[in-house]
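According to TrEMBL, the features are:
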TRANSMEM  20-41  transmembrane segment
TRANSMEM  53-74  transmembrane segment
TRANSMEM  95-114  transmembrane segment
TRANSMEM  151-172  transmembrane segment
TRANSMEM  184-208  transmembrane segment
TRANSMEM  235-255  transmembrane segment
Amino acid sequence: MLEKIQKMLVVRSPTIRELLAEALGMYILMVFGLSSAAQVVLGKGEFGQYVSINLAFGIGVTLGIHAAGGISGAHLNAAITIMHCILGNLPWRKLPAYLLGQFLGSFLAAATVFDTYYDILYDYTKGNFTVTGPTATASIFSTYPHPCVSLLGGFFTEFMATVMLLLGILVIHDEKNNAALKGTQAMLTGILVLGIGLGMGMTTGYAINPSRDLPPRIFTAIAGWGMDVFTAGNYWWWIPVVAPTLGSLVGSLVYKLFIDVHNQSVPESGNEKGQPAIETS
């Protein structure tokens, strides 16, 4: 009986399987990250500090990649998916499925964390969910810029943080170069995200991912914070969508121009000194 039920539940379409994988991977990533942010904000520093959020997002990225990597490649980032489509690594027809999966997982993770912390959230805010002010809580779910940061400065930060994300990912996975040992890629990508947060998180909260920022923002608009989540920070909301998308493209281009196009295989006939060719990677 169980075998029959299992066969009925098996999804045959590769595209739907990729959608489900991206959704689950993104859900795992975001539950770890957002719940840590909730604990730090609502705990008033008694249950973690900023580094706690960095660590939790790094762990979430690692586990999310392990969950989805074998099926969809674990993009878990709309900017990375769009980059792969532009570069021809992923058919454009798969773009909607990847984005839908990522947005669904991220949205559901925001709802999960909201429900998990609802009682404490309500007590902390006295039922007044705000984006700014002494009891602001919208930053638990989405990123907002430091009050001193201009839109241009914030855009540049998100852009450069995503450039560094792509450079790190390409370094980890480049089999023609000094790639990471098989099985360690997910862990190293999590460490990469941790490093970006530790070094570039103060200015904007390092969204570096439209799928990480926009779906929870939409959820907060529905759940009680209202349209202030889109107007705050001089209409900040579009920067974590556009800047990472451009940054991912530039990051991949920089790696290609500095490393990839020059890293050709050594001819089998030997080097110019007549010695046998040696694979140095």
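Each Cβ is built from the backbone N, Cα and C atoms, and glycine gets one as well.
Worth saying up front: this structure is predicted, and the values here are computed from it rather than measured.
Ranked by Cβ pairs under 8 Å to the transmembrane segment (151-172), the stretches 53-74, 95-114, 184-208, 235-255 are led by 235-255. When each of 95-114, 184-208, 235-255 is scored by its Cβ pairs under 8 Å to the transmembrane segment (53-74), the top-ranked stretch turns out to be 184-208.
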